[in-house]
Amino acid sequence: MTKVKVWDPVVRAFHWTVAVGFAANALLTDAEGKLHEWIGYAIFFLVCLRILWGLTGTRHARFADFPPSVEAAVAQLSDMAAGRNHPHVGHSPLGAWMIYNLLLSLIAICVTGYMMTTDTFFGIGWVEEAHEILVTWAEVSVLAHIAGAVYESRRLGINLPKSMVTGYKEMP
Amino acid sequence: MPSFTAKTSTISAALVVLIVLQGFCAVFFLIDIAHDFMEYRQPDFSLLHSSLELTANLALLAGAAVEGIFLAGLLRRQAHAERALSAASGALHDLMEQYFEDWGLTVSEADVAAFTIKGYSIAEVAQMRGSAEATVKAHLNAIYRKAGVTGRSQLASLLIEDLMNGALSAKVGPREDAARHPVQKSGTDG
């Protein structure tokens, strides 16, 4: 068992603030209220910050550390299918795809949400519909993300949710 | 890390995209249908129409699940085959997978068995599977028990025996077989 420092404070703070913000806006806040808008702006700001951090941040926070790769993702799927347990220190290839998916979905949700507040697009059907479909997509993605984290924690014997709190992975 | 043929990678990626799209659309429409059912008192609610929609989307979801199972099988077979490159490997491989299935090996046991039959040591198998040697030993014991053999050499000889008995020639297509061995009768009933 070796303890490896993987997630810096920026990555962890981003993860949990966005998680809380998204949950609040998807489930709790009044979609027509000011609070919903402000949380939306905050999430957009955080995502922009995370993208900058992905270019300049610490080793495992950088996009270069988890490039979107079909081959690596298939290799990880095949590890799962064959019951093999090769752990990844930073983001796993499938995890990387999920991150890009969530970042892009959040941006699209923020953009369509903002459009609904402008005079040009206020009350236009397809904008609202797009916003709602994107939110459903993101909700399903979040559920898949949680299921994936739990499944991978069990498969690899590493508590991944805990590592997103403490910043350390306990590699077997 | 295993290296995959470009073809397997493409098929797998395409399947994943299909599963994700079908899965999401099914979930999306199921939520929609749930809303419809909650408004069953409305005049424009049609039970027949909504039931048909429900069935179609459940079938879509089931289709995605079947694709997932198919993908897992494809990847598993590919993972077992990745280092077997001899000419007989295709048919030998089919035979091997058939045995694993008959013995009721788990996914991990089948993987360990495939490596073992190819002659890898316990330490090598552990390294390639990213697990502890003790785990591999436990898998091996289960494999030997399920296969009813006493050890590695008996496990391999089960396959060799079948090879000798002509199980392999049964799997080779008749035309190819006849072309290569015009006078020899293939022992298809072995």
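Every residue gets a Cβ built from N, Cα and C, even glycine.
Among the features that TrEMBL reports, domain 'Cytochrome b561 bacterial/Ni-hydrogenase' is placed at A:6-167. Feature annotation from TrEMBL assigns transmembrane segment to A:38-56, A:94-114.
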Across the domain 'Cytochrome b561 bacterial/Ni-hydrogenase' (A:6-167), average pLDDT on the 0 to 100 scale: 93
Contact set, same chain, for the transmembrane segment (A:94-114): CB under 8 Å, 6 or more residues outside the stretch: 18, 22, 37, 40-41, 43-44, 47, 50-51, 66-69, 73, 76-77, 88, 127-128, 130-131, 134-135, 137-138, 141-142, 144-145, 148, 152
